[in-house]
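Have a look at the structure below, then the notes.
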């Protein structure tokens with residue numbers, strides 16, 4: 001006798017509701033073989049006849065957690081040959097900046113404290129503790145975006161597949177592989193957490209206080225939290241009314257403005273923005289944003305022009321939704337995050353267009369833009385997913401191709417970075433060896449690697465070496481020759 005089960009229609013709008021169903025009765029995909037009742041010793045139990053049936057019976061939540069675990073292993077494996085590079089030394093050097101001093105215009109108290117703590121607790125003999133921190137925060141951002149997508153009404157399977165591509169986003173490799181970006185990503189993850197909590201209608205006082213606290217904490221990580229703080233204010237207005245939204249905006253705005261006036265205003269570390277001249281507003285900033293969207297976003301896709309088509313497709317869908325008054329439950333949060341992406345693009349163009357228009361395609365910007373557009377993409381794909389098996393197959397195949405492409409891009413970026421970073425490690429070790437061999441033969445004020453470690457001189461490196469935090473690693477004769485050229489006392 002077979003036991004007929006009906007597909008649970010709620011499985012396509014989220015996974016939270018199916019907690020009331022026994023795990024073996026949850027029904028998330030169409031085309032699944034009907035479970036059967038067995039006889040004999042296991043009479044009354046329900047089983048699935050094939051391995052593929054068992055695979056398809058796993059919930060989207062389980063698949064998502066599996067992709068997070070796989071992503072953790074994959075990314076940490078890629079980082080096995082990474083080392084400290086460029087801005088990281090600004091936080092690692094013994095004479096680090098003040099706790100509230102800006103770093104390139106960003107409030108960076110939290111990442112600075114993390115770097116100081118990791119240096120003291122683990123030393124600089126291994127990059128692993130630093131890599132683990134940024135990787136966990138990247139995965140937290142992916143998970144929060146997945147939850148926001150499902151809360152916004154995206155199909156749970158679609159949200160899971162889209163999030164898996166983001167986990168391996170080679171187009172955003174700088175944020176995933178470089179431990180220094182823990183501040184950049186920490187601000188984003190905390191901002192997403194505050195946004196998710198604020199999505200609750202008629203927010204309670206306790207939850208509101210929690211949202212404010214998380215948003216304030218996010219500001220201490222990086223200025224990348226600002227677009228999400230603005231998005232949180234917007235979702236509060238939409239879900240709970242103008243009073244909590246205005247209160248939230250006033251508190252976070254006042255705290256950030258107070259920090260800026262007290263510590264950042266006039267700081268030499270702030271980037272030269274060049275103001276808002278007519279040429280910048282009409283030419284440089286539009287060029288920067290165009291490069292970010294058309295060239296940067298294109299790096300997500302293996303075929304040239306696909307990125308532009310995707311952006312045009314999303315825009316066309318939104319126009320049709322508005323024009324035909326289509327009902328898309330949950331679209332508002334996704335649209336607010338899309339607005340946050342636009343705000344981030346404007347902020348980046350204002351602060352960086354004067355420096356380099358071409359830097360708009362930087363992987364750190366691509367990462368953030370893609371992240372903020374994910375809920376909207378998941379919603380749009382969910383509409384196509386519901387059209388039948390042909391669309392589902394096409395979407396699954398396209399996302400699988402993207403996953404492989406992005407994973408390979410991430411691996412290539414890791415290989416390129418490790419060559420540069422290990423070279424820096426070797427020349428710094430060679431400089432330390434020169435000091436150990438003959439302290440009088442080197443200049444402690446010289447930089448052992450001015451190209452990739454400009455924030456430290458040999459004296460800083462010696463202090464960390466004597467403190468047992470920086471060991472001497474292997475180096476070649478070529479590295480030794482470079483060290484002599486960089487720090488050797490000139491005759």
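If you go along the chain as it appears here, the first residue is 1 and each next one adds 1.
Glycine is no exception: its Cβ is also placed from the backbone N, Cα and C atoms.
Sequence-distant contacts of the transmembrane segment (62-79), counting only residues of its own chain at least 6 positions beyond either end whose CB sits under 8 Å from a CB of the stretch, comprise 127-128, 131-132, 135-136, 138-139, 142-143, 146, 157, 159-160, 163-164, 167-168, 176-177, 407, 410-411, 414. Per TrEMBL, the feature transmembrane segment maps to 62-79 (among others).
Annotated transmembrane segment per TrEMBL: 121-142 (among others), in sequence order. Long-range contacts of the transmembrane segment (121-142) within the same chain: residues 68, 71-72, 75-76, 79, 82-84, 88, 92, 114-115, 163, 166-167, 175-182, 185-186, 188-189, 192, 371, 464, 468-471, each at least 6 residues beyond the stretch ends and with a Cβ under 8 Å from a Cβ of the stretch.
For 154-172 (among others), the entry in TrEMBL reads transmembrane segment.
According to TrEMBL, the feature transmembrane segment maps to 178-199 (among others).
Sequence-distant contacts of the transmembrane segment (211-238) (same chain, six or more residues past either end, CB-CB distance under 8 Å): 105-111, 183-184, 186-188, 190-195, 197-199, 203, 244-245, 248-249, 251-252, 255-256, 259, 332-333, 336-337, 339-341, 343-344, 347, 368, 372. According to TrEMBL, the transmembrane segment annotation covers 211-238 (among others).
Under 8 Å from some Cβ of the transmembrane segment (244-265) lie the Cβ atoms of residues 98, 100-102, 105, 107, 203, 208, 211-212, 215-216, 219, 226, 229-230, 232-234, 236-237, all in the same chain and six or more residues away from its ends. Annotation comment: TrEMBL describes 244-265 (among others) as transmembrane segment.
Annotation comment: TrEMBL describes 277-297 (among others) as transmembrane segment. Nonlocal intrachain contacts for the transmembrane segment (277-297), taken as residues 6+ away from its ends with a CB within less than 8 angstroms of a stretch CB, comprise 171, 307-308, 310-311, 345-346, 348-350, 352-354, 357-363, 365-366, 369-370.
Under the heading transmembrane segment, TrEMBL lists 303-323 (among others). Long-range contacts of the transmembrane segment (303-323) within the same chain, counting only residues at least 6 positions beyond its ends with a Cβ under 8 Å from a Cβ of the stretch, are 293-294, 297, 331, 335, 373, 376-377, 380, 383.
Annotation source TrEMBL lists transmembrane segment at 330-353 (among others). Long-range contacts of the transmembrane segment (330-353) within its own chain (CB-CB distance under 8 A, at least 6 residues past either end) are made by residues 105, 148-149, 151-154, 195, 199, 223-224, 226-228, 230-231, 234-235, 238, 271, 273-274, 276, 280, 284-289, 292-293, 318, 321, 359-360, 365, 368-369, 372-373, 375-376, 378-379.
Taken from TrEMBL, the feature transmembrane segment applies to 365-382 (among others).
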